[in-house]
Amino acid sequence: MSELPFLSPEGARGPHNNRGSQSSLEEGSVTGSEARHSLGVLNVSFSVSNRVGPWWNIKSCQQKWDRKILKDVSLYIESGQTMCILGSSGSGKTTLLDAISGRLRRTGTLEGEVFVNGCELRRDQFQDCVSYLLQSDVFLSSLTVRETLRYTAMLALRSSSADFYDKKVEAVLTELSLSHVADQMIGNYNFGGISSGERRRVSIAAQLLQDPKVMMLDEPTTGLDCMTANHIVLLLVELARRNRIVIVTIHQPRSELFHHFDKIAILTYGELVFCGTPEEMLGFFNNCGYPCPEHSNPFDFYMDLTSVDTQSREREIETYKRVQMLESAFRQSDICHKILENIERTRHLKTLPMVPFKTKNPPGMFCKLGVLLRRVTRNLMRNKQVVIMRLVQNLIMGLFLIFYLLRVQNNMLKGAVQDRVGLLYQLVGATPYTGMLNAVNLFPMLRAVSDQESQDGLYQKWQMLLAYVLHALPFSIVATVIFSSVCYWTLGLYPEVARFGYFSAALLAPHLIGEFLTLVLLGMVQNPNIVNSIVALLSISGLLIGSGFIRNIEEMPIPLKILGYFTFQKYCCEILVVNEFYGLNFTCGGSNTSVPNNPMCSMTQGIQFIEKTCPGATSRFTTNFLILYSFIPTLVILGMVVFKVRDYLISR
């Protein structure tokens, strides 16, 4: 086959070419002084058990079949080299990276071995050795690029000097050509920020802060235009030249990138069809009778050649046989034998360097918590809409109540009791819901960030949860005081300053409980909309059972009465009822005494309503406060446990 103009290796790599198939770990380093490293993957297979039918079909759901996602995959790569893993969707590219990085969940069966410098790593060592960049870039949108990297450095590295972090961040900003956007916001779809390519480089920069020697990137060019994708790949090639191992999965690379990669691997249905240098690829497929046509993109040509066409049964059988032929030819080729020889050789060399773990000198638990708290606070404080809604959403609800009730009366004929009961019912029912709205809107992004950063070993998920809780407390207190100050005095509730304080404290608790209950559920349920529905259902149910406003508690069935003791609404309602009705005197028209002929005027004092609705609540006032506020630390501790379990399940 005639050599194509864009396939010339000299124009792409020149003297930096480092593609030898034989191991060169004992020949020196890429940079002349640093030790060379190697990564070997030997006969890695992964299978999972899938249920035959859907969950509602009990018979077929009980039946399982084993699905082989990876089948005896073997790779070898050294420092200074970049490997590109090609394959169509579902070919096993991401699963292979997960297997190499130790991130595969234990719900499947993993076989085979992964060696770094000839040493087989334990599962708990992969996180400290391999840097893994996922497809999606997850950032806090209101932070600048410099702040994002600085907080990451502060979470990963211990130092008593601020200059240390500044120098570390400046170094990676320069290395990845991000200095010109260092002080720009990351941004999101709501407001502009840096470009997609720059976001990808920020993700890479965050990984470089710990100086990893093995970097893996899953689809780093997804969603980028051709020119930006080309720049990202060239950047990764340059990073590999600095004594790093770089492995990337790419779905559809440009032809100009063909000779920039030192190794190219092709996966089809979990089987390795080829793995070698670009020159070896051209020769291998040429010998198999499939030369790349002139002026064709070799990536596209070989991807089509090694894919199974499922448009028709005949084409599927034909293309699958071709793939099986190519896979068999590769396993019998000298290229495959050299891979296995290199892996075996590195396992027995005595002069190999130590395993290249990332820089690991993390700060203490409380230092990390402080960094997370500062980061969360700075990010959310810059979002004006978030700050305003946090402070005034309760007030907006209160204004509707004011416009509706105007001012409560002491005249029984004008609904003195009914208006107060309706008001308290709305207050206890709505405040948890506003707390839930805060958590549903703000925490999912923090959860996504913590899911990614905790897998990188920066901190544990419960620490992010606790940072959010500490951040939310002052906002909730201020918002409740603003709401109470306007509503309490405007609506004409019991005119006493101490009662106003009790009123505010009683409404702060359900607001926090609603928000923290939502956090607990967000640790168990991924979809925020489902969490929204669950919290709303629990809030309404608790209000019906525990308040005593809809049905007298003494007349409830015993199971519901017992269940009411586990609802925070019971204690909150009793506090508010005592706080408002104790010492209150009613009138009936112009009379201060009861009118026997008028059932609406049967009460003259608020204590009568207390004993009818919440018997004994007056003597339990302090106890109710203690029980009500005990829900808050209970939910926080439960949330920490849930996120600890979430951490474990994601890493399984």
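Cβ coordinates come from backbone N, Cα and C, glycine included.
Residues annotated as region 'Disordered' in Swiss-Prot: 1-30.
Sequence annotations record features per position, and here Swiss-Prot assigns topological domain 'Cytoplasmic' to 1-384 (among others).
The feature compositional bias 'Polar residues' is assigned by Swiss-Prot to 18-30.
The domain 'ABC transporter' annotation in Swiss-Prot covers 39-294.
Taking Cβ-Cβ distances under 8 Å and a sequence separation of 6 or more, the neighbours of LYS93 (ATP binding site) in its chain are ILE85, LEU86, GLY87, ASP218, GLU219, THR249, LEU267. Residues annotated as ATP binding site in Swiss-Prot, with sequence analysis given as evidence: GLY87, SER88, SER89, GLY90, SER91, GLY92, LYS93, THR94.
What Swiss-Prot records for 385-405 (among others) is transmembrane segment.
Summarising the annotation, Swiss-Prot assigns domain 'ABC transmembrane type-2' to 389-646.
Summarised as a single figure, the pLDDT of the topological domain 'Extracellular' (406-422) averages 88. The topological domain 'Extracellular' annotation in Swiss-Prot covers 406-422 (among others) and rests on similarity to another entry.
As annotated by Swiss-Prot, transmembrane segment applies to 423-443 (among others). With a threshold of 8 Å between CB atoms, the same-chain residues lying at least 6 positions outside the transmembrane segment (423-443) that come near it are 380, 386, 390, 393-394, 397, 401, 405, 408, 468, 472, 476, 480, 491, 507, 510-519, 522, 528, 531-532, 535-536, 539-540, 543, 547, 549, 569, 572-573, 576-577, 580.
Sequence-remote contacts of a segment are chain residues at least 6 beyond its ends whose Cβ falls under 8 Å from one of its Cβ atoms, and for the topological domain 'Cytoplasmic' (444-468) they are 103, 127-128, 131-132, 134, 138-141, 152, 155-156, 207, 360, 362, 365, 368-369, 372-373, 375-376, 519, 522-523, 528, 636, 639-641, 643-644, 646-647, 650-651. What Swiss-Prot records for 444-468 (among others) is topological domain 'Cytoplasmic', and it gives similarity to another entry as the kind of evidence.
Away from its own ends, the transmembrane segment (469-490) comes close to residues 373, 376-377, 380, 387, 390-395, 397-399, 401-402, 407, 431, 435, 438, 500, 503-504, 507-508, 511-512, 515-516, 519, 636, 639 of its chain (Cβ-Cβ under 8 Å, at least six residues beyond either end). The transmembrane segment annotation in Swiss-Prot covers 469-490 (among others), and the record cites similarity to another entry as its basis.
The topological domain 'Extracellular' annotation in Swiss-Prot covers 491-501 (among others) and rests on similarity to another entry. If you look at the topological domain 'Extracellular' (491-501), the same-chain residues 6 or more away from its ends with a CB under 8 A from one of its CBs are 401-402, 405, 407-409, 420, 423, 484-485, 579-580, 583-584.
Proximity of distant same-chain residues to the transmembrane segment (502-522), defined by a Cβ-Cβ separation under 8 Å and at least 6 residues beyond the stretch ends, is recorded for 394, 427-428, 431-436, 438-440, 443-444, 447, 465, 468-469, 472-473, 476-477, 479-481, 483-484, 488, 493, 528, 531, 534-535, 538-539, 568-569, 572, 575-576, 579-580, 625, 628-629, 631-632, 635-636, 638-639, 642. The transmembrane segment annotation in Swiss-Prot covers 502-522 (among others).
Summarising the annotation, Swiss-Prot assigns topological domain 'Cytoplasmic' to 523-529 (among others) and lists similarity to another entry as the type of evidence. Shown for the topological domain 'Cytoplasmic' (523-529): DSSP residue counts in helix, strand and coil, namely 4 helix, 0 strand, 3 coil.
Marked as transmembrane segment by Swiss-Prot: 530-550 (among others).
Feature annotation from Swiss-Prot assigns topological domain 'Extracellular' to 551-624 (among others).
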What is the total of other Cβ atoms whose distance to the Cβ of SER89 (ATP binding site) is within 10 Å?
7
Cβ neighbour count (10 Å, all chains) around SER91 (ATP binding site) is 26
Check: same-chain CB within 8 A of ATP site center, minus GLY87, SER88, SER89, GLY90, SER91, GLY92, LYS93, THR94:
THR95, THR249, LEU267
Secondary structure content of the topological domain 'Cytoplasmic' (444-468), with strand meaning DSSP E or B:
20 helix, 0 strand, 5 coil
Would you mind reading off the Cα separation of SER89 (ATP binding site) from ASN585 (N-linked glycosylation site), to the nearest angstrom?
74
So if I draw a 10 Å sphere around the Cβ of THR94 (ATP binding site), how many other Cβ atoms end up inside it?
19
Just checking, which of GLY87, GLY90, GLY92 (binding-site residues) has the fewest C-beta atoms within 10 Å of its C-beta?
GLY90
Tell me the residue counts in helix, strand and coil for the topological domain 'Extracellular' (406-422), as DSSP assigns them.
10 helix, 1 strand, 6 coil
Could you state the CA-to-CA distance between SER88 (ATP binding site) and ASN585 (N-linked glycosylation site) to the nearest Å?
78
